[in-house]
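Beneath this line is the structure, given in structure tokens, with notes to follow.
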Amino acid sequence: MSNVSTASGTHFAPPQADRSVTEEVDRVNSRPDELENQEVLRQLPENGNLTSSLQREKRRTPNGKEAERKHALPKSFVDRNLSDVSPNHSLDHIMHSNEHDPRRGSDEENMHRLYNNLHSSNNNVHSKRNSKREEERAPQRRSSSVAYTQQQFNGWKKEFGHAFKKISAIGRLKSSVNSPTPAGSGHRHNQHQHQQVNEEDLYTQRLASDLLDSLLAGCPASLFASTQFLRDEHGKRRAPLLLAKLDVRVSPLKNDNNILDITNSNHNHRGNNNNNTGENSDRRPSIPRSSSIISISSNVAEFMYSRNENSLFRIHLEYGIDEDRLKWSIIRSYKDIKSLHHKLKIVAFQQLTISKLYSDNNRYHSLQLPHFPHYKEMVKERNVMEKKAENKPSSAASAPHTSENNNNDNGSNITSLETLSSSEISEFNIDNVKMKHLQDLIDEPDDFSQPIHLRLERYLRLLNIALCLRPHANRLFEFYELSPLGNLLSRESGFQGKQGYLVIRSTAKAQGWRVSHFGKHAFKDMIDRHTTKWFLVRNSYLTYVSDLSSTTPLDVFLIDWKFKVRFSGNKNNILDNENEINWIIHDPNLEINDELEEFGIENDANNILDKNGKSKTHQKKSNISSKLLLLTLENSERKLKIICKSESSLKQWMSSIIKMSTSTPWSKPNRFGSFAPVRTNSFCKFLVDGRDYFWSLSEALLMAKDVIYIHDWWLSPELYLRRPVKGNQGFRIDRMLKSCAEKGIKIFIVIYRNVGNIVGTDSLWTKHSMLNLHPNIHIIRSPNQWLQNTYFWAHHEKFVVIDETFAFIGGTDLCYGRYDTFEHVLRDDAESLLDQNFPGKDYSNARIADFHDLDKPFESMYDRKVIPRMPWHDVQMMTLGEPARDLARHFVQRWNYLLRAKRPSRLTPLLTPPSDLTAEELKSLPMFEILREKSTCETQILRSAGNWSLGLKETECSIQNAYLKLIEQSEHFIYIENQFFITSTVWNGTCVLNKIGDALVDRIVKANQEKKPWKAFILIPLMPGFDSPVDTAEASSLRLIMQFQYQSISRGEHSTFSKLKKLNIDPAQYIQFFSLRKWSTFAPNERLITEQLYVHAKILIADDRRCIIGSANINERSQLGNRDSEVAILIRDTDLIKTKMNGDDYYAGKFPWELRQRLMREHLGCDVDLVEFVEKKFERFEKFAAKNYEKLHTLSKEGDSGNNWSDREMIDSAMIELGYREIFGCKFSPQWKSGHGNSVDDGSTQCGINEKEVGREDENVYEKFFNSVDYGKSSRKRTPLPKHNFASLGLTFNHRAGIENVGIRDHKVLSTDPRLRKNDEHKKEVDGYGPDCWKKESNKKFKADATEQLKEWALNSLASKVLDDKEMIKSEIPEGFSNYLPNEKDLEMYLTDKTVTNRNKWSMLKRICYLQYLSHKLDERKTQRLKKIKDMRRHLSSSTESTRNGSNSLPLNEKSNEGESTNVDQDIEGDEYHRLHEDILKNQELDDGSLDDLLSQIIPKITNFNSGEIDDAKKEELLKLNFIDPYSFEDPLISSFSEGLWFTIALRNTLLYKLVFHCQPDNAVQNWKEYGEFTELEQEFQINQEKLIDLEAENINSTTTNVVDKDREKEKMRKAAELRMKLSGSLLYGFNQKVFDKHTAQRILERIHGHLVIFPTEWLAKEVESRNWIFNSDRLSPMEIYN
């Protein structure tokens, strides 16, 4: 075991019980010189120069002071070798030594000095003097060592004294025997190893070895822990840092203007993760550990006299022993180091005096300090040497004694402190220290002839050992600018600046804190706020703690683009002119280079220009001085005034802060006035609807390692992220977050604080439910309406950041009602909770009733068999890397602001912002290698923030600025989905200020003037999501919001339509508003229902090249910035795809282009899961064809012109071949067979067709992004893993919340929720012993079900296809698709036709594949529907029988699960199903021909856009359209899509909905009377459905029982006649008044495609004109709430 060190320098090693080892120790101690002589003789060089060997020997000898030891080498041998020194070699050696000397002369001077040294007798003089000195010091060292060791053991455990002596001996034995050649020896093996490991790393290895030995010794390790109980002279706890891990190097600096050329004076970094450039940025400069006396003896005088107490030194420091050890450097003057020494001597004297006043002499142990090298000592020593040289020129070898024990006597007259005798304050004795990393100091004494920087380095290194375990180390940490918090923050990349004590002068209010001035603790708190604090300058912020040893930040001051730094002493108190800059930069302690350019000043200290441009010489004393020593920091939020200790300190802080602010991108202004810069090469993935978002989030939470930030308007703890409940109980969000917290992950949540029952979110339940899960979960509700005087606005952001690396941002809250799929079902009537997709409160309809009783999550709010749920459409997106860091910074800023404003009752930590990702850190992220090719987006985080939400002095509205710019710069179209559309209008004296409406008008006017096509597609909800009918007094919010929307769109002179009409522009040609609606059948009687599909997305897509996704609505609240707080992201994809725009070739960004198509396909009824599945399949075909095209292509050997085929042509042919095999289900096509034959191996063997054999690395975006990381169990065969694990980034400081970062709190009682206090049932329910039966489920089954759920989404009903054998084209396919699926011969002719391009063939194969899957899926639905009819018959029969028996109870619906196989009687189909109600309805039920005639009469005339004539062909197409091609969405501007498909489908769907349901809002309803009529018709339709259901039940019962009851038959006929009369009588008032029977209505609704309808812009317009729309009570509310 190597020697180890403690506070006293005594070395220990583990005790050895072996007797032989003890005997060996005694032998070694008795004969040390003999062993050393043998060792030295073995290491002597056989030939060559001895000088370099002597230099190496100084480092090698373990116990000696110099290489020229008497016992090591005979004098004659030394003299002989010295006389044989080669001049050339000595010159190289001396020049190498001198190159580190700041006062070295020219080459000629060095040559002259070399000649004098080689031919003088100084060599022998120094050798004899040092030998004599060594003899005199030997007995003294031994006696001192014994006394010193005895004293230290008396202070500790005396009973361990004997054991520790043996440990010390064993340590020396292992150093001599096990390591016969010490570090730096001449062994060949060690020499070879030394060539590979540089001196710096070798020293660090020794340091680590010493530290490890100390910890393994046991007692030193316990002493390290005991330092936490120590207090310094000020009562401060000793900082928990190990001085044994600190390395110090000192290099001189010239005190001239060249100091400006040196960089990174106050910069620290970890290992090689530093991204700064400069001479000292990555590696400490090589400083000689010792200097040869030969090389510097002739210029000692020059060196000593040229220095003074203002000499500057750069101190290079390293803390740690690993590769990422902390490295930094500071600049100190000789006076600073001397002042440190004097302060420590004062403390030592005080403790010595106090110890004498007490009988217990051990109350304070003597503080032993190493000797400090004084300049005057060197002068005196030089004078003595010169006098002796004059008096005794022949005996120049008798040099003065320079023992360290006598150095105090030489400098005893320097200060009064030096008069303390060495007996009173004992001096640190290096002879008792046996440590590897101090071996160079042990080998070489403190010699006056050494350069002062080496002597200071020696002093500081010994001081580290002397104060290693003492509380006085705090002074040393302050001197080194080393603190525990700085060490914890050192993992951050970027600039790391100065640390030190400062005093805060500014008031709490100016700093942004809300404090009380009248509480019992107010005065004490005020005093505490203005005492000294330990400040740290970090990469993009400043922070401070209470003292050096604290790790709990008391404030975090962020740098932003409005950051300013000011200092006192000038007129304007602003750093804005040349003199003020010069006043800072010409302090030699400072280093500012490129930063001066920020102020327009060139860095030329010798040639400074005055205001007239003339050169002037810099004066030593500036005209500007600082008397107040005050620094004022200001950002966009607040001010911070701090007082420095001295003018020099003020300049140093100014320098560090300016360098930090200029090095960070956060101090630069950004596009759109945003707080965040533009980021490039970002990965982005859109997530449409809650299903995709929730699944992806659950996967990301499983990957979390560090911190999780959640910012939501509302968060429901009982929300399931995966559905159905069965098998996914563990994916409930509170359980997932609890699991993360138990792993040590820190979770921070911000939610909106609702006021009473005005908003039914129950944030109090959310807060305490989450807090009760685990201490690692922290949550803040905001705003506090009463304290902040904010009653109307809300924190509306919706984003999640995981590990400051992954981010999800958009419009979806993690709460009830947001989960949905692309199908947007209206029903979920499963009896069991485990089978429900929308369990408990998640089954919601805001138009019926708002949320209530949220503390009962599993209780439904409505009758699921009567009231449909309101579907929810939303868009979220996921990003990786730098944009996630920007979002994390916004969260940190919000969190810290809320802490300053609220002062929570619980300990809640302040957070530090993340540093910017470096290139190395980005590469170490998981999935970086996988997603690097897809990381092509340019992104920027935008936000709406103001004074109330973030404390900003100036409101930020970068979201509105981006909206306006994208609309202005759009060339072809914009596509908007938003919850509201309130903009640029005036109503009832209220002016809407956001300019989005004006931007649309301006762009339309420009398009009209240029005669170029331009369109705006805008989707908004049919009605806002507020409960109560619009004609009731309770619907005040609903009416006011709709009024503002209509005023913005079509009503009033300030509306968009009115502004365009004034310019004779038809708005319909350029801007169209749409909405979404859904219909379904409702169990148990298949009753027809409808409900609006609520649009909650907040997106804008411009020209398929740029898009905005976020939480901001188009209204005043979200856009202005000073109301609701919002966040969004702007995306521009640089990966361009060739497509079409208005029929011309066009290059679109991949991300916006795919997002728009995904949304439009969903709205028009395409199966987007199938489209995505087909796209992934054919994408694999493309990759496989590109690798195997030579074996797969079907082209002839030569082309048409006789030339060979190009690679592109062969790849296209191979792709078509693979597509052919997929569609036709064969092994090869006839064309391939004719060219290759049966026996030729194409290399595929169905690979690329059979999905089980294809490399599925790109099969699914979510699986590829989340599941490809290797956690030790997954295979490496398919997906390449990142080179570095995610953990290589390390844990951030925010991960230490609650531990090192304890947090702050106010003096008030803890807040609680009585519903959760001592609520054991809720705790059991969270643990899994509740209604969802989590703990009762089999873990194995649970994991399997959860893992396969995502595949069930996309692969549901895809297990088999309609065409799966050779006769597949001829097999039965659903009616309606027979016109679109071609027969086999037609498809083959198409694929072999040379006139058809390969691109069209490839596109056709995709369409056919999609139709095959879709037809099978519809066939499955038909089977399920027939089964439901059979169940309905059984139910109706049973209900009738039970009614007859006088029972009112109905049996449960015997509904089987969707996935179960059913045996449905095929005789129910067609005519037999029709006969169930034909006797009742007779001719009232319309057939398909009658429906076509009816629709042709009610559909309005369609005018051709180009010719202006009535287009009958388009009207016919509108009637018979029953298929949407999912690959016809590429060109949104061409009239065949925008008018012929998009608008046509919306118009037809709108008419069909009105025809059946008479639903509102609708343009046909102009006044309250018509509103009432439509409401009555809607109710009548529902009543008629119920009557028809009852009659069918009776008819079924009579058919099944064959019982003739005349009275009952008559009653049935009467009811049927009455129903027919109602149905026929309704036609008298026109088709708008027609009420259809259920079966005719269902036939009409089956012609609806998708969910798209036209937004009614003229609903109840007459009532608005007559001022009857708004109730009088509506005018009482503040209009700012609703616009």
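Backbone N, Cα and C atoms are what each Cβ position is placed from, and that goes for glycine too.
Feature annotations, reproduced from Swiss-Prot:
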{"type": "MOD_RES", "residues": "Ser2", "note": "N-acetylserine"}
{"type": "MOD_RES", "residues": "Ser8", "note": "phosphoserine"}
{"type": "COMPBIAS", "residues": "20-34", "note": "compositional bias 'Basic and acidic residues'"}
{"type": "MOD_RES", "residues": "Ser30", "note": "phosphoserine"}
{"type": "COMPBIAS", "residues": "63-82", "note": "compositional bias 'Basic and acidic residues'"}
{"type": "COMPBIAS", "residues": "90-112", "note": "compositional bias 'Basic and acidic residues'"}
{"type": "COMPBIAS", "residues": "116-125", "note": "compositional bias 'Low complexity'"}
{"type": "COMPBIAS", "residues": "141-150", "note": "compositional bias 'Polar residues'"}
{"type": "MOD_RES", "residues": "Ser145", "note": "phosphoserine"}
{"type": "COMPBIAS", "residues": "263-279", "note": "compositional bias 'Low complexity'"}
{"type": "DOMAIN", "residues": "291-487", "note": "domain 'PX'"}
{"type": "COMPBIAS", "residues": "392-404", "note": "compositional bias 'Polar residues'"}
{"type": "COMPBIAS", "residues": "405-416", "note": "compositional bias 'Low complexity'"}
{"type": "DOMAIN", "residues": "496-664", "note": "domain 'PH'"}
{"type": "DOMAIN", "residues": "791-818", "note": "domain 'PLD phosphodiesterase 1'"}
{"type": "ACT_SITE", "residues": "His796", "note": "active site"}
{"type": "ACT_SITE", "residues": "Lys798", "note": "active site"}
{"type": "ACT_SITE", "residues": "Asp803", "note": "active site"}
{"type": "ACT_SITE", "residues": "His1096", "note": "active site"}
{"type": "ACT_SITE", "residues": "Lys1098", "note": "active site"}
{"type": "ACT_SITE", "residues": "Asp1103", "note": "active site"}
{"type": "COMPBIAS", "residues": "1437-1451", "note": "compositional bias 'Polar residues'"}
{"type": "MOD_RES", "residues": "Ser1461", "note": "phosphoserine"}
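Asp1103 (active site) has His1096 as its nearest neighbour among the active-site residues His796, Lys798, Asp803, His1096, going by CA to CA distance. The helix, strand and coil residue counts that DSSP assigns across the domain 'PLD phosphodiesterase 1' (791-818) are 0 helix, 11 strand, 17 coil.
For Asp803 (active site), the spatially nearest entry among the active-site residues His796, His1096, Lys1098 is His796, judged by CA separation.
Spatially close to His1096 (active site) yet at least six residues away along the chain are Gly811, Thr812, Arg818, Trp872, His873, Asp874, Gln979, Pro1021, judged by Cβ distances under 8 angstroms. Across the fold, the C-alpha of His796 (active site) and the C-alpha of Lys1098 (active site) stand 12 Å from each other.
Comparing the active-site residues Asp803, Asp1103 by how many other C-beta atoms lie within 10 angstroms of each C-beta, the top residue is Asp803.
Within the same chain, the residues at least 6 positions away from Lys1098 (active site) whose Cβ sits under 8 Å from its Cβ are Gly810, Gly811, Val875, Glu977, Asn978, Gln979, Ile1109, Gly1110, Ser1111, Ala1112, Asn1113, Ala1128, listed in sequence order. Residues belonging to the domain 'PLD phosphodiesterase 1' (791-818) score a mean pLDDT of 94 in the model. With a cut-off of 8 Å between CB atoms and residues at least 6 apart in sequence, the same chain places His711, Asp712, Trp713, Ile809, Gly810, Gly811, Thr812, Asp813, Leu814, Gln876, Ser1111 near Lys798 (active site), listed in sequence order. With a 10 A radius on its CB, His796 (active site) counts 25 other CB atoms from all the protein chains.
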